[in-house]
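Accompanying notes for the structure given below.
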Amino acid sequence: MPDKRALSDSYEQLPLKRAATVSSNTNDISDERIIATLRHPRACVSASGSPFSASPSFQQPVPLCSFSFDEHRKQWHDDRCKRFYRGPPPYNQRHPRQHGARAVFGADLNYGLERFVRRDQDVPEHLDALVAALQHRTEAAVSDEERDQVDQERRKADVVTWRGIITKICTAYEQTAEARFSDPLELNAMMLDDTLYLEEYTCKSARAQKQNKEDDPKMLRMGYYGYSFESYCTVDTELQTREPFRPIPSKESSLPHPAGWSGDVNTNVQWCQVVKTKLGNNRLVIGGEVDAVERNPKTGREELVELKTSMQMTWAQHNPSKAALDQERFEKKLLKFFLQSYLLGIGKIVVGFRDHHGILTTHQDFETLRIPRMVRAGQPIAGRFDHTGKPVIRQQSVWEPKDGLGFGDQILSFIRQTILSRSIQATPTEQISAGAGANTPNPTAAVGQVHHPVYRVTFRSPFDQVEMRCLSEQEIYEEVQDSGGSGARVGFLPRSFYDFVQRRAGS
């Protein structure tokens, strides 16, 4: 049976044309602690060429388990926070700022902003929820035989991480020093039982900068629009998807909530899916948030739906140059949309387009597997026509999925091979010490503390190579283990999960 995850106009699964250069030579590197580098594959080809002849093989994601976070950020190993896609309310509203306009507008995405509850970003979460879900999946089995069978998926995995990290790794190919908004990559990496675990690392100054940006009233409002769109488009039960849109009574006010509003936004609440898949030579177990599900009327199966918002695009008839700029910006944004959904097995993306005032003007459904064709050379450019009225044909691809997936596969293999080559799988020593003085919070002195190597993976401007270095024990304690403030850990993994893995390895 053909792989259902094959891209539209699928690429042949051929070997990579050439591999990116891996080097352990540090002569040209200022930080002597760097132990290995991976050159960006662009260095091997001309500016207009691609280093990859085909996309690496990618297996259709298979669900393993799911879990929920409630409004207090408590994790539950069930689907209580799963949402069902209904779609946005009708476009029959008058615009609050354009009094002479016809009643053809949709939902006001500003609604409920004053009651917006944001998750506390200062609380480090690491991979805790993901590995807890994997541990629970095994321990919930009713027999030893079933536990062994269930745990095989975790033990066979080459990489365990969040979907967002794999997305970031795969979009690394497109990063350039000249880009208006760069997105550097910085990860913590460790091996346990032959499996690579990856988490994102953000230094204190970068966290503060990010928080200040998100606290800016304008940025806060723009970030809120996406969550508001989700509230308008989703409901708690499948039965509610068949109910008509109408104003909802409010407990807090005499005025009802607008039609379609399903509840105030609280970003603590999430429903997450954990899947197994394979990218090139790397077997992955990844977890990520899913916005909603939708019943397929033909198959009867629930299918995953991703919800996004974007600024509406200028009509070409009104301003051709601005329309072309808007189109180009949106097509570049589609790369991240595509990867986020493709990696988790989400087949449908719904994008709500809004105006500058946060009013929904239209929405569009995108089939995930067909997105690469939209930006490929030789295809018509949406909304663009020449003087004869014929569609303008794209001369050059905006992006190619084979490049991002290919470089992503290389980065994962590079990290794994680098750590394995340093014999990191030697059993960590348990330090049984008398304890340190009160004024010396040294992790090496903790009774029963397991010391496990952790590596820092970086890819930053000028984005010409990925670098790896081994963290010191002090860095692990302060930067990875939050100076002991996030509970007992081995590396960045919870000690309870580490002990679980050790028990399973000995079973």
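Including glycine, each Cβ sits where the backbone N, Cα and C put it.
D291 is the only one of D216, D236, D291 that Swiss-Prot places in the divalent metal cation site (with E230, E306, L307). Among the candidates C44, C65, C272, the residue that Swiss-Prot annotates alongside R73, E289, K308, Q340 as binding substrate is C272. In this view, E306 (divalent metal cation binding site) is surrounded by 23 other Cβ atoms within 10 Å of its Cβ, with every protein chain counted. With respect to their backbone Cα atoms, C272 (substrate binding site) and D291 (divalent metal cation binding site) stand 9 Å from each other.
Looking only at the binding-site residues R73, K308, the densest Cβ neighbourhood within 10 Å occurs at K308. Rounded to a whole number, the C-alpha distance linking E306 (divalent metal cation binding site) with Q340 (substrate binding site) is 9 angstrom. Comparing Cα positions, E230 (divalent metal cation binding site) lies closest to K308 out of the binding-site residues R73, E289, K308. Each of the binding-site residues E230, E289, D291 was scored by the number of other CB atoms within 10 A of its CB, and the lowest score belongs to E289.
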